[in-house]
Amino acid sequence: MGDRGVRLGLLMPMLALLSWAASLGVAEETPSRIPADKLLVITVATKENDGFHRFMNSAKYFNYTVKVLGQGQEWRGGDGMNSIGGGQKVRLMKEAMEHYAGQDDLVILFTECFDVIFAGGPEELLKKFQKTNHKIVFAADALLWPDKRLADKYPGVHIGKRYLNSGGFIGYAPYISRLVQQWNLQDNDDDQLFYTKVYIDPLKREALNITLDHRCKIFQALNGATDEVVLKFENGKSRVKNTFYETLPVAINGNGPSKILLNYFGNYVPNSWTQENGCALCDFDASDLSTVDVYPKVTLGVFIEQPTPFQPRFLDLLLTLDYPKEALRLFVHNKEVYHEKDIKAFVDKAKHDISSIKIVGPEENLSQAEARNMGMDFCRQDEKCDYYFSVDADVVLTNPRTLKILIEQNRKIIAPLVTRHGKLWSNFWGALSPDGYYARSEDYVDIVQGNRVGIWNVPYMANVYLIQGKTLRSEMSERNYFVRDKLDPDMSLCRNARDMGVFMYISNRHEFGRLISTANYNTSHLNNDLWQIFENPVDWKEKYINRDYSKIFTENIVEQPCPDVFWFPIFSERACDELVEEMEHYGKWSGGKHHDSRISGGYENVPTDDIHMKQIDLENVWLHFIREFIAPVTLKVFAGYYTKGFALLNFVVKYSPERQRSLRPHHDASTFTINIALNNVGEDFQGGGCKFLRYNCSIESPRKGWSFMHPGRLTHLHEGLPVKNGTRYIAVSFIDP
């Protein structure tokens with residue numbers, strides 16, 4: 001038979017024995033679990049940016065051991081986002097693996113770092129790797145790149161993703177070393193293509209025992225998979241779940257254009273925010289200004305780019321910020337001639353406390369983008385400028401600690417959440433549409449409504465934000481940050497920040513203020529804010545309703561100087577003054593004539609020298625004012641009566657000795673009447689008042705901003721008492737005629 005025949009004769013019984021043993025269920029011994037200290041994470045980062053620090057923080061959270069290659073080196077691997085490249089990473093891996101090639105029990109995890117976060121720990125990762133029963137496992141992708149012509153060379157897959165993704169792979173050190181030792185290309189050649197060609201070569205794939213993580217048990221590449229993944233809250237933890245394969249990936253990679261989705265997941269994973277514990281990282285790396293002797297220098301950029309209501313209030317609030325004025329510099333761009341008087345009044349106040357003020361007015365004819373570039377550069381060029389705080393004219397900062405709070409959060413870019421009252425409109429977007437515009441993230445409503453509170457990494461913020469000065473002089477050193485393609489300036493800023501890898505945060509940890517609506521702001525009147533009751537009801541109320549109005553319902557401050565004549569505060573001083581100014585500006589007083597074309601029938605039995613609200617287009621505003629602020633008082637003082645809040649006659653009356661000094665006794669054509677004093681007795685006029693004849697009761701010292709409310713057509717016959725000198729103004733409505 002010869003030696004060969006003898007060996008074959010011995011081998012056949014052994015094979016038969018093995019087959020027999022297998023048929024009896026005799027299995028190989030289960031390999032022991034790989035200890036966590038036998039895992040080494042390797043990544044490449046020639047620079048450190050926000051994405052890198054996020055990756056390292058997630059690794060630290062799970063106690064991964066990480067080795068960073070390429071630190072301090074020049075990146076020569078090309079622009080991987082927009083073209084092929086990345087070969088430098090393979091070259092660095094090749095050099096590093098020479099040190100680990102002989103460690104058979106060491107497992108190497110290579111992963112990107114700028115756009116990766118860990119969602120699970122080393123034990124989970126190693127357990128899933130061992131279950132694959134392969135020496136090297138690559139991330140899998142539904143998209144084939146960079147060479148689609150290689151599709152036919154990939155082995156088929158029954159379930160799962162078919163194509164290799166080089167953003168993450170795990171394997172035993174000797175096998176990883178053998179893999180990268182095959183690299184002999186240039187730094188700017190493509191790493192993805194290199195690994196792809198190794199994998200699709202059947203001999204190399206078998207020799208290195210490579211497989212792909214087809215069902216995303218270890219790696220989740222987000223690009224092309226946005227409809228597969230959701231956020232999962234369970235047992236006090238936050239995870240990313242792949243709903244297609246019912247898996248919980250360990251490493252989440254926001255490859256390609258999916259970085260915004262990764263940023264969204266990064267707000268929660270790993271356990272950055274949970275339903276049970278809220279925000280875990282809100283105070284991470286925060287500072288405390290109460291411990292400093294010298295406050296950081298801040299450039300305050302103020303931008304008025306369109307006619308905006310309530311500007312004096314906006315500007316005054318900036319001066320009430322709880323921050324040392326000697327640490328502030330001021331840059332103001334005002335595009336509107338309409339607001340020049342407001343700016344002048346503001347500067348006259350500010351110049352006593354703020355030493356450096358730069359005003360760029362409408363005469364400069366700067367575009368919004370040019371002005372914003374100039375303001376930001378005002379800080380960038382000053383080495384002493386620690387922060388740039390940009391505030392638009394439509395932001396009402398009601399929290400005086402806003403600036404301090406933002407500085408203490410210690411983020412490169414951070415904005416306070418501000419919203420329009422009663423609406424979901426805010427100064428941030430939680431997601432972007434494919435064309436780069438607004439899309440609503442899953443958590444947007446919860447953040448706006450305060451159901452989820454924290455510090456949120458977002459793709460877009462505007463209106464008000466704080467940027468670190470050192471960031472402007474490093475990552476954001478390009479001066480033309482607000483101009484890009486045909487984008488609006490705010491979108492251009494955010495796009496540039498995203499491309500530079502600078503994270504933008506929004507904070508809703510505090511109540512900071514609100515946004516004003518500039519829609520339908522008509523500047524054709526003298527005091528245009530009077531018309532803002534619909535667009536900006538909160539600001540309208542703050543400016544025009546008496547501060548003591550709420551005490552009507554809490555402290556019972558309503559007075560009753562005559563039977564069923566109720567007296568209560570309603571208007572602020574400013575409301576009274578502006579209403580009088582508006583009427584005098586219009587100037588067409590009726591003259592107290594009986595013949596009056598403004599009313600039905602054309603005849604007034606008891607005429608007054610007046611101007612109707614309808615004449616100055618204030619009728620709808622006034623009726624809304626009655627429904628919102630007069631009707632609740634009516635219900636309190638006339639229990640059981642529910643007013644419709646409607647009036648045909650709403651007008652301002654002017655009494656003076658020269659024109660009309662008094663008004664004869666009469667009943668009003670109303671169920672009840674309101675009569676609001678618009679100026680001060682003793683200061684603006686002498687005399688005047690109202691006498692209710694049935695009760696022989698007079699009120700001769702009306703209070704500015706206070707209203708009488710009394711029944712109309714039946715019981716309360718009354719007259720206007722003579723004005724001796726000066727001019728008296730009252731606002732009157734005959735309600736529910």
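Numbering starts at 1 and runs along the chain as it is shown here.
For all residues, glycine too, the Cβ spot is worked out from N, Cα and C.
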Site co-member for Fe cation according to Swiss-Prot, given His666, Asp668, out of His624, His718: His718
Cα distance (Å, whole number) from Asn696 (N-linked glycosylation site) to Asn522 (N-linked glycosylation site): 46
Those recorded positions listed as His666, Lys704, His718, and which of them has the most Cβ atoms within 10 Å of its own Cβ: His718
Rounded to the nearest Å - Cα separation of Asn209 (N-linked glycosylation site) and His666 (Fe cation binding site): 103
Residues close to Fe cation site centre defined by His666, Asp668, His718, Cβ within 8 Å: Val606, Pro665, His667, Thr673, Gly712, His716, Leu717, Glu719
Number of other Cβ atoms within 10 Å of the Cβ of Asn63 (N-linked glycosylation site) across all protein chains: 11
Alpha-carbon distance [His718 (Fe cation binding site); Lys704 (N6-succinyllysine)] in Å: 20
